[in-house]
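Notes follow once the structure below has been shown.
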Amino acid sequence: MARFGTQKLYIDGAYVDAGSDATFEAINPATGEVLAHVQRATEADVEKAVESAERGQKVWAAMTAMQRSRILRRAVDILRERNDELAMLETLDTGKSYSETRYVDIVTGADVLEYYAGLVPAIEGEQIPLRESSFVYTRREPLGVTVGIGAWNYPIQIALWKSAPALAAGNAMIFKPSEVTSLTTLKLAEIYTEAGLPNGVFNVLTGSGREVGTWLTEHPRIEKVSFTGGTTTGKKVMASASSSSLKEVTMELGGKSPLIICADADLDKAADIAMMANFYSSGQVCTNGTRVFIPAEMKAAFEAKIAERVARIRVGNPEDENTNFGPLVSFQHMESVLGYIAKGKEEGARVLCGGERLTAGDFAKGAFVAPTVFTDCTDDMTIVKEEIFGPVMSILTYETEEEVIRRANDTDYGLAAGVCTNDITRAHRIIHKLEAGICWINAWGESPAEMPVGGYKQSGVGRENGVSSLAQYTRIKSVQVELGGYNSVF
């Protein structure tokens, strides 16, 4: 018997059975335990969710800005009241350490919802004078029914990042969580209903991206799709979204981000930043700075500091708050990461730390991979070029600023980048030349609600968070008003 039984779909403000008996398993990657049997949505369920969302969206959009704001703020309050419960469920489902989910995942997701709840009354149009007797005004109107498709690494946080601006602008959202980690998004749907969100304004459909995701993105009455995931899948989603209608799209995709450490940097601080850029959340963060560039003359000292810090990582049961490094999200993903590690060894990179699956004692039950650091890396190695999405750092050396900027930009990705230096002029000079959408100077990883998040090149389209994201969930209607006479040319 699974701990959480059978998980149903969430449509029109309630849990409902899917149109078929098909289910998939939610598995705890730390132990292999089956947590739940999750129902697979059918195409008929998708249609039911769209119809429900259309009804709910009309009710939601007709409310005043202050009414919508109050409901979203109530959802924030409930999220914070249930923080620990939701965090533990996220830990069980993803394998992320409770020390992380308790203080980050729900907390930061609630912050984003609170941020957009505060912006609801600020959605406004413009008045543009033309001449004494005529002017134009604009209205920002909601799109209608939107779709969010989440990744498996930050399930509830991503659902909040996508739903917060969508709902704030008066839209409805149908959300499809990753098949790997579906549980907390269903709880979010409950919370929205409890807070007073009209039925149908936030529906959750569980199932595979190939089926449920495609049915949603190809649906002609969906107005926007916001997707987080890999670049290859993102391209398919974009093509699918335009196959039946011209939909708005936001894509937050993959990365192979550079962290450049300059010769004048505080090496201890740089090592701390490199650790956060590679091993936070067991390395499963899209913005990770996995290509660490260090001046050649500083390499040995930097390696020593990294090895010392890796030895202090507390790998263990993610339910234990003392643990700060848990398993990977699934056994399938573990095999993918181990394949990259094997490739790194085969291509001549030197293993400084880790480089193996952990199998001692209870580790054997889970998808645990040791924090891994490769050094003596070159730009043409597979581990340097491809996104691994795991706890694998690659150390590379460089000689000049011009060289490292060129090499940092020599990638199809452009999600994030960082610079460590005590020279603020150099910091800005380098950052301004890096082809990345999210950049940090002497820091890594923080993405507050106010900060637009998104990539260059094949790392994404559009932005999440920040004021500009709210506008992406509206469309502008322009209205010209003539107060005087009208002269026809006929």
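Using the three backbone atoms N, Cα and C, a Cβ is placed for every residue, glycine included.
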Given Swiss-Prot lists I27, V180 for K(+) 1, the same-site residue among D77, D84, D93, D111: D93
Matching residue for the NAD(+) site, where Swiss-Prot names G150, A151, W152, K176, P177, S178, E179, G230, T231, T232, T233, G254, E387 - out of C262, C286, C377: C286
Cβ within 8 Å of the mean position of the Cβ atoms of I27, D93, V180: remaining residues of the chain near K(+) 1: E25, A26, N28, P29, L35, T94, G95, W152, T181, S182, L183, V329, S330
Largest tally of Cβ atoms lying within 10 Å of a Cβ, found at which of the recorded positions I27, C286: C286
Those binding-site residues listed as V180, L246, and which of them has the most Cβ atoms within 10 Å of its own Cβ: V180
W152, T231, L246, C286, G460 screened against E252 (active site, proton acceptor), Cα within 10 Å - retained recorded positions: T231, C286, G460
Greatest C-beta neighbour count within 10 angstroms, which of the recorded positions E179, E252: E252
Distant-in-sequence Cβ neighbours of P177 (NAD(+) binding site), under 8 Å, six or more positions away: G150, P155, A159, T185, L186, V204, T206
Helix, strand or coil at T233 (NAD(+) binding site) [DSSP, three-state]: helix
